[in-house]
């Protein structure tokens, strides 16, 4: 595998940092996940999302933690920190989302250990960045990414309340960015032997994702947009005859208008100077949306899909998460896969969104139980059985 021989130590919880470490594990790195004695907090969150959350079936934990070894260590104890240091001494990459103040209390913040481990890549998820008035504020996907980052406001219908957003969306993009940054630093290490501090914040990830809208806002482009008054009538959503919705994305208005008008049988639009070029259209958007909307109600989504595909015009049907579970395109490309849990039930999980043609997909190793590999890992660090048992008795470790 691509990252065979790379060692990753993960001290994190929930989604953003764990999914980064999982990607590295998916690509062949050895990942050791450190959980507290009680386990990662996401292990008990399934019920909030109507999902199983038992030791025998826990898809929310599984999604972020497959292809890892799991150890359970009390890193607030002196002995636990000692074990952590031994792990870091052998690691190429350290992935964490623990806040800087907490890392400082343990003596493992970047500035405290960079000289001790000069080749270590210290990769950290932050809420709001390293500086500024919010640098110490806890950041979550819902807050730092969606709310403060402007994403919630961008997906609401104008004049309505902010959207109740999809959990984990921003976390996964932040994790993907951290994985990319970590690998760039790993390349530098291969050349120089020197480590690096890599940070990705949820807030910055949102700002980057919203970059087009943020940069155009200074020139008068406003968000949120109403679907009835978008930037272009050919770049919005429409309801079809069967009640399903379609997204048009005809971003080159002048180029595609003629072909589209023929598809919807409204060629008279091309003779109307209010609509037949982009310069005049921008002053009559709502009127043209009504015309197109009436046309789209004449056929079902499947009927429009066939006609638009034949015309080679960009569009897509709007799907739900339930639809995606059965999406033939997703299954054909191995974007999804099935896992049988210890409970005997089979569920669908999502693969990391990067494919390597020659390497293929690594054979999946299920996410660990709490402390499943504690003994194995401690022995590899030189601890004998008696010492490990003493650690367990004093609640330094769990297995």
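Placement of Cβ uses the backbone N, Cα and C atoms for every residue, glycine included.
Note that the coordinates shown come from a computational prediction; the quantities given were computed from them, not determined experimentally.
Cβ contacts within 10 Å of residue 171 (active site, nucleophile), excluding its own Cβ and spanning all protein chains shown: 25. For the recorded site, residue 171 (active site, nucleophile), the DSSP three-state label reads helix. Look at Swiss-Prot and you will find 171 tagged as active site, nucleophile.
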